[in-house]
Amino acid sequence: MNETLVAQDYRQLVEQFGSPLLLLDKAAVRKQYRALAAALPDVRLHYALKPLPHEAVVSVLKEEGACFDLATNGEVDLVRSQGVRPGRCIHTHPIKRDSDIRYALEYGCTVFVYDNPLELEKFLPYKDEVKLLLRVSFPNPETKVDLSKKFGCTPEQALPLLQLAHAKGIKVMGLSFHVGSQVPHARRHVQAIDACREIMEQAWELGLKPWVLDIGGGFPVDYEGGEFDIDGFCAPIREALAKLPATVQKIAEPGRFISAPAMTSVSSVMGKAHRGDKIWYYLDDGLYGSYNGQLYDHVTYPVSTPLARGELHNSVLSGPTCDSVDVIRDGIMLPDLAIGELVVGRVMGAYTWASASTFNFFPKANILILDSSQKGQKMVAVA
Ligand SMILES: *Cc1c(COP(=O)(O)O)cnc(C)c1O
């Protein structure tokens, strides 16, 4: 996006659409999807909507032939509104109300996840319609977002839970796991694949027939803004998957990797003050808005002031709310910024807008859709 959008474009967009903005580049979504699909050629990718549940992302990925990973009724509504066929969707929330199961079934999504006996019970009334994935937990202390703490049975519980489903006449199509988000390397994926392969082999010996392995999400991006070597990252995963029989279907649930590089934040300086030896800038977006991932997602986004020039000063970039925790960066060297000056944040497509609040009544940033692959036509729609 950076090559196509020059600093002056940001100014123009803010003049036209106001501030703060999030610029969503459909070309970046496409590029990320294709890169991961090429790195995992035998794996069917189900985009997890959670990091950026936006119709533009869904429609681009639908065109690309992607599948989708849903977890809530709102996510069901979103894919349905975009005309996604339910057969291309799986519902992966391990904990559901009966009404959630019925909502997804009414749409036509029939694949669900369980990880304990009580959750399995909930499928008894629908046992002729549903196919389940058993989520297994592989705790990962190496990631800041450890998704195996909250969900998943232990590997030891897996076989008994598969047998329990069989005894109740509920079909289990396979195993799934999520080793945590933004993982530093694929080691944990590989360990989990190997462990699941052993569980599946034991299950086959008992006459059970799980035929799917879902390797979850976790695929990382470069939060410095560079190109991430996803092919290199996935090489050990490809090797581990190759040890499974070809008849086993492999699927994944990438979220962050698809959406993170696709959005750029543009916010404006509302006010400034000299406090101590620093210049404080108060922006119209902050930690309660698009930058909330700095709290919840443990990520620091690259920020810049592409239109400002001059000597650098020790500065603070603060959000707009009256809360003192609302500081984006303290001790950043910046040129002197005038009121109205723009601040740009990159790699802000995942776990940003999705989890932003309107605390203090500061509205969430508006998303503008563009397609940087379409020469001469940058702005396509406003959302
Ligand atoms: C959040 C989530 C994902 C996406 O994870 P990323 O790390 O963003 O790729 C996939 N599957 C499930 C079940 C999730 O909860």
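We count from 1, first residue shown onward.
Cβ atoms here come from the backbone N, Cα and C positions, even for glycine.
The active site, proton donor annotation in TrEMBL covers Cys322. Marked as domain 'Orn/DAP/Arg decarboxylase 2 N-terminal' by TrEMBL: 27-260. According to TrEMBL, the feature N6-(pyridoxal phosphate)lysine maps to Lys50.
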Ordered by sequence, the long-range same-chain Cβ contacts of Cys322 (active site, proton donor) under 8 Å (at least 6 apart) are Asn360
Output, ordered by sequence, the same-chain residues six or more apart from Lys50 (N6-(pyridoxal phosphate)lysine) with a CB under 8 Å from its CB, or 'none'.
Ala71, Glu75, Gly255, Tyr351, Ala354
Mean pLDDT across the domain 'Orn/DAP/Arg decarboxylase 2 N-terminal' (27-260) comes out at 96
Could you find out if DSSP has the residue listed as 'N6-(pyridoxal phosphate)lysine' as helix, strand or coil?
coil
